[in-house]
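Swiss-Prot has this to say about the protein:
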REGION    1-23  region 'Disordered'
DOMAIN    30-71  domain 'JmjN'
REGION    86-113  region 'Disordered'
BINDING   H275, E277, H366  Fe cation binding site
REGION    494-555  region 'Disordered'
COMPBIAS  498-507  compositional bias 'Basic and acidic residues'
COMPBIAS  542-551  compositional bias 'Basic and acidic residues'
REGION    684-718  region 'Disordered'
ZN_FING   1377-1400  zinc finger
ZN_FING   1400-1424  zinc finger
ZN_FING   1430-1454  zinc finger
ZN_FING   1460-1486  zinc finger
Amino acid sequence: MPPQPPPAASASASAPDPAVPAWLRGLPRAPEYRPTESEFADPIAFLSRVEREAAAYGICKVIPPHPRPSRRFVFAHLNRSLVSSCDAPAPSPAAASDSSIPPSSSSPPPVSAAVFTTRHQELGNPRRGRPTPQVLKQVWQSGERYTLDQFESKSRAFSKTHLAGLHEPTALAVESLFWKASADRPIYIEYANDVPGSGFAAPVQLQRKKKQKRETAPMDEWEKSSGWRLSNSPWNLQAIARAPGSLTRFMPDDVPGVTSPMVYIGMLFSWFAWHVEDHDLHSLNFLHTGAPKTWYAVPGDRAVELEEVIRVHGYGGNTDRIASLAVLGEKTTLMSPEVLIDNGVPCCRLVQYPGEFVVTFPRAYHVGFSHGFNCGEAANFATPQWLKFAKEAAVRRAVMNYLPMLSHQQLLYLLAVSFISRNPRELLSGIRTSRLRDRKKEDRELLVKQEFLQDMISENELICSFLGKKSVDNVVLWEPDLLPSLTALHPCSSCSKAPEKKGEDGPRIGSTQSSSKDDSSSDGTACMTGTQSKGLSMDSKQAPEGEKLDTDDGDDLPFDLSIDSGSLTCVACGILGYPFMAILQPSRKALEEISLVDKERYKLSCEKEICSNVLPCSPNDGSSGCPLIANRSSSPVENANLSHQDVKPIRSDISLMGKEFNGTLGKHIGTSCSCSSENTIHPYGDTETPEKKIPSDCPGSELSKQSGRGDVNVPDVEGSEETISWNTGCAFARPRIFCLQHALEIEELLASKGGVHALIICHADYVKLKALAISIAEEIEFQFDYKDVALANASKSNLHLINISIDDEGYEEEGTDWTSRMGLNLKHSSKIRKETPESQEQPPLSFWGLFSKPSPISVVSNLKWLCRKARTPYKVIGYASSPDVVATPDKVKPAVTKTQIDTSGNAHENIGSEQTLQQDCVLQESNDVADMCKRPKVNDQDGHSLINIPIAVAEYPMMHQVCERPVSVSACDDPICSFDSQDSPTTVAVSAGKPTREQCGAESTELSTVKQFLDNGLIAEGGSMNFISNHEHLESDNATSVCKDEQLQVQQDQLAMVLCNNPNTELVAGELHGGAASSTLENEDSCGNTSYCSDTVLKNSEPDTDDQPETCDRSVVLVTPKSSCDQMISSSDRSCSLTLDCPVSTDAAFSSEKLSMAHDLMGSELQAVHNSKAEVVASLTDVKGAKLNSIHTTQLPHESPSSDFIISEGAQSASTTAIPRKNGTSMHTESNSIDILLGVLADESKVSSGKDEVGKASLTLMTLAGNDQSADDVTQDEVAEITDPSHGFCSSDIVSRSIGSSNRTNIICYARRKHKRKSGSEFNINSPQSLGSFVRSPCESLRPRTRPAIVEDMTNETKTAEASTANKRKKAKVEAFQCDIEFCDMTFETKAELRAHQRNICTDESCGKRFSSHKYLKRHQCVHRDERPFKCPWDGCPMTFKWLWAQTEHIRVHTGERPYKCSAPDCGQSFRYVSDYSRHRKKFNHY
């Protein structure tokens, strides 16, 4: 408890009234209503009518037609309600001897006097000692107990002190003083809130209902008084929650503050914090007597904005939204409405005087304070409009870790059927009353009935959707009374003790009267025995019409419907569901996948549970396994493993899906006569059949043993249906309860992981409710589209399953089950988000949308991080001619992938995959060109055949009009490359060198191939990454053609690219040089008798400068067998690359240099294709900053002199591929989509001589279309950045595109701004939202621009170049700066921190305190550290302390020393702590 400062000095009598701030004077006033006598007779109908207008303010005032009750009336009935508690404490001596209380009231009160406790409230901001936020006020129990007269006397004395300067204080003047005091030095006020009781007299109707005798003598004086008339009206807060038409009428239990009122006794400046009501209910507040009370409110539709303003401006903005909701729920946040108004949040004010009601509406935040001593009362109710907020309110309450109090569905159902009249004549259509009151009542009831029928239809649709799944086939009926233990089903289905009603200022304080509900019961849906449940229901036939009360209590539930705790909590959203719920448990396969990380813990847990839940079987069972439940007489409570057979035609509810495990399941683990915690499975049929055992050597048997799941038997498939085994022994696999909506989502989520076991349960009253719903639909002429669902009574095993699915009392989510592991547990997920706000992983279900964002976000803002703020400007720097292609607008059509495969007579397979969310267009060749391209399949002498692979050149994903051609790829005879070998290793064939014009016609000398090297450090699941370096000349053995040149010269410092197409091959070549650059494409028009149409040679001109080092050319073809590719696609990391070693021959000789390749770690997607038995994968590898490991080279024998050219990429070029295939088979792929993307990337160059030099960069991105390649796979691109070690610059985006002119293609160069500041969106490329069907910007797949990584130059073949990858930045070594002051050994990262430290300033960001001595600064560091150097010297005491004075005070606990004694005469009190002594002197003025 913080020390109390002395009371504020009395203001001068001549002090002027405080100036009213402009924001306060301009606040709009909430509406007020004055109902007539007839309107006042039905509060729910009246409030439902005014709610349309008043809800826009969030609050309103209702002035009753009766005068306010007298002070004597209120005090008499309030004292009576307070002393009704048997454990009412006596008033404290301190309160009785308070110097501020007059002598007449300081005498000890009688034993029977009503007393109550209070709380201390802080008002003001401390100047020091407490960091922000200062909107959170301290509230603690005072420990004092007062009678009403004592507290009134103390309050008047306090008001006289603080309002002495105001002659006649107005409401605005007091409000100005309050908000001024909230910013000044703290003062402490007392407030008695959440005191159970009422100032109303018990209504006569309630007394008759309870068969109580009226008290004639004491009540004669109150008869016909204003208080008596108001108490016997429907506005009595003791009956408002149970008023006809209120949805809270049928809440099972009496919850103080909700269904029964609570009293609030305040003094001047007693405040209540910003808050909303529990479950966002309506509240009705009545001020009995005393000073006014001011309210401020924000409408419900602006609640999210208020929460965000408080989070940012009140809590500093560093708090997670869920955590800020929890802090708001503590009801200690006091923020001026001025902050809200400045941030655009509307707010209104209202002044409540004695005898007036104040109504708050759902989701409306409100705050307020008292102008002096007063006594108020509050309770909750709900109009039909509350149903719009009920669901989200329940979820929000669960996120704040509060137990639910009610089920909105159950309350809706019971209220709707309560409107059914007992008189059958009123069910006939056409009979309408002419009374205005009755017509309004019918309108109110019509809304509830429509909501009821609509909810019935929605639940029916969910049931029908669920029954269409394979995981569930029927619905069972259950009742809470039928569970194995009546204490198993706890209130609110969470089986934990109900939370006490939280009042305006936080948790409920101890009061003089205990809660009206039993401590063993819970809140809104507390568990009730069958007798209690039936006692609350009312038989319509037994209620005579003469006993029908004025409060319409005769409209109770018909058909013996009972109010019980049949609602269960959904694990995923925290809502109490009714009447349908689903019990889910993942299948064994799904559980093993979910628990992959914690697999060992899962096994041990299962085995432990099995050992602990083994039950003996009867000796005469005659089987080693668990017998059928039909042969057992044990009770369901003692069974940990149950089986059953339901009545036909319903299938067995507990069964084992044999298909799920391919019919191979484990046998019983135990061979003795015992059963495990698993359910024993038996066949379904009219007669019992013996269980079918599975041999121990089957695969499933071993799996069963490993996973700890025994007693699993496969039923006879021919004579019985499949059954499901529920794992009831493993804590990780425990069945959990979900609402139907989230159960469907989870079922779909687990469908791909192995499936889920499901059981739908329905409350037994649903059968009656359905019959009543049909009658209501006929009455209001509502189209009731309902599909009948087969229902069956729950068996004993069903009841046992329900019982173990319900949480035990006090159950806490510790994250040990499958729901927490998958992020499906709302409480656990919110707990994790509170503990680790930086980890904001989005759960897979939809309910987190309520809390993940402060306000609804549009689609555009959702995509903000997916693209750059503005598209990078570009300019056309040249064009490439292509005489073979003529692009016309009428030949542009959307791209649809079509793959045609011809392998030795195999059937052709055409598969079309539509490209979604992209504007892809391809250009069709003209007719004459198409004729030229038609070539027969040519098989070489060695059996090689061609595979026509289409190639497209375009910028991705900016798909413009592009030109695409087929590429001839031949098969390979190398057994390593064989597609028929499923286990063949994979290597890469690389042609790297620096071609020259003289080498074009030269004879090939020798073939050099490379040996694969597998880097285990970069292996993804199911795939491998091979790094190969080739340092030999790769020359063609068969040069039969003469190159024909077509040269394109571009200006210096710019990109030079040449694009030339021939009938079967499309080549894209790009060159980048710092100096004069030129690019020459040499292509052969006439084809020889080779297996490829043309040979391509890229010539690179040397730069003018001699000191510029040579750059190496790199190119890669990646091919993988089908089996390996399957593993890659199924892998979670699909960005792995597989390679294949194939022989290479070409007409050009290339000199090779260093080759560095690395796996692209930036989340690019692997592009895969299945071609019949083979799968070809093209994946680009990152060569920038790669770590190379042990690169070796070998030579493989040259298979054929006519081997096909595979790939050749110059130092700054991109080229095409030719892949041979074995056995003379051919594979032709024709596509109208963009299947192979080639782009050349170059980053901005560092200026060395006043000019921007574009550095060496080259990229080949190839995707081979396949017959089962999905559209999404095609859209994912592989990107790499290449760094020239000789230049200090990175490559940027330079993409060559074929754009739709008739015979030329523009070459576009992107100009990057220098030193462009990186936005936060550039670092979110790996976000899960970036995957999927979102549209990416052109440079979305690029890594964030970082400083260039340095790649070491390799001088020999075996040297490994070590460099960091682009996204792993090299961290600069942090220099430590040490303090040189004597006896100080602290070090700092920066000199600024060191200088501040030497000036005796704390360097902690949240502190910044200044000290007079360095010694004090060093001692202060304990505040920010976990060091506790001082230990208690007492033997056996483990206490440690940060401060010496704390150790000294603690020692007094052991010694009993009380060194501080009061010096006032006749006091003599002694104190252990100086704070207690100081507080005592200030309180009693003992100086």
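Backbone N, Cα and C define each Cβ position, glycine as well.
Just so it is clear, the model here is predicted, and its values are computed rather than measured.
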What residues in the same chain, six or more past the boundaries of the domain 'JmjN' (30-71), come closer than 8 Å to it by Cβ-Cβ distance? 199, 225-227, 229-231, 233-235, 240, 243-246, 282, 284, 288-289, 295, 297-300, 348-350, 352, 354-362, 364-366, 381, 383-385, 436-437, 440-441, 444
Within the zinc finger (1430-1454), residues counted as helix, strand or coil by DSSP: 11 helix, 4 strand, 10 coil
Least Cβ-crowded entry, counting other Cβ within 10 Å, from the binding-site residues listed as H275, H366: H275
Helix, strand and coil residues within the domain 'JmjN' (30-71) as assigned by DSSP: 17 helix, 6 strand, 19 coil
Including all protein chains displayed, how many Cβ atoms other than that of E277 (Fe cation binding site) lie within 10 Å of its Cβ? 21
Mean of pLDDT values spanning the zinc finger (1430-1454): 90
Residues in the zinc finger (1377-1400) grouped by DSSP into helix, strand and remaining coil: 8 helix, 4 strand, 12 coil
